[in-house]
Amino acid sequence: MAFQKLNAPFPKLSDVALDAWRAIPPAVASDCLNRTQAMSAVIKPVSTGITLCGQARTVTAMAGDCGSICELIGEALSGEIIVVDAGGVDDTAVWGGIMTAEAAHRKLGGAVVFGAIRDVEEVRQLQFNMFCKAVVPRGPHHGFGGIIDGAISMAGAVVRPGDIVLGNDDGVVIVPLERAEETLAAAQAHIIKEQAWLHGIRSGQTIQQMFNMQTSRHK
């Protein structure tokens with residue numbers, strides 16, 4: 001099997017830092033990144049109510065092949081999230097039930113697949129945090145290769161090993177690791193601001209008043 005494994009070490013976030021990130025919705029994180037790094041609506045959770053919060057391990061898979069993904073599942077650490085660029089191909093699954101079983105057994109934090117998966121009922125039964133583009137019964141090949149731990153660009157976001165992956169029913173947002181500290185502080189401040197806005201609404205203010213929105217009316 002021909003795949004390329006890059007040497008891409010990254011600082012591991014502490015449990016305290018990850019706990020802080022778990023309180024940040026993806027939408028707020030994207031707002032604090034100037035509305036960037038949000039994956040497009042093609043990436044959806046396989047079940048409602050699941051969430052992602054962890055550091056990324058990346059893999060670029062050849063079309064319709066799962067070999068490099070299996071390699072990464074076997075070496076990823078507990079809590080890490082597998083992010084797969086499968087080229088958006090939606091007629092052949094690159095992830096299935098057996099892979100999910102291993103990932104769940106190894107206590108990985110979840111996976112995001114820009115492509116198709118299958119055995120979705122097994123994924124749900126294992127309560128594995130899976131986001132993907134499509135679900136299809138056709139299975140993958142196992143020997144075409146790929147790239148492990150390289151930078152990838154998929155579904156509108158750039159992902160590098162170690163970046164923070166946030167996901168919920170809204171979708172997935174990637175926070176660059178080098179911007180983690182500033183983005184977390186901005187997000188925490190943003191949440192406090194949103195709470196003040198909600199208090200204002202309950203007190204009778206309008207959105208236009210709170211945001212000082214100017215409107216023009218045509219007579």
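Any Cβ shown, glycine's included, is placed from N, Cα and C.
TrEMBL names Gly96, Gly97, Ile98, Met99 as substrate ligands; from the candidate set Arg106, Arg118, the record adds Arg118 to that same site. Of all residue pairs in Gly96, Gly97, Ile98, Met99, Arg118, the annotated binders of substrate, the farthest apart have Cα atoms separated by 10 Å.
Applying an 8 A CB threshold to same-chain residues 6+ apart, the list for Met99 (substrate binding site) reads Cys66, Ile69, Cys70, Ile73. Other than the site residues Gly96, Gly97, Ile98, Met99, Arg118, same-chain residues with C-beta atoms no more than 8 angstroms from the centre of those residues' C-beta atoms, the substrate site, are Ala93, Trp95, Thr100, Ala101, Ile117, Asp119, Glu122, Gly139. Annotation note: Asp119 (Mg(2+) binding site) sits in a coil segment as assigned by DSSP.
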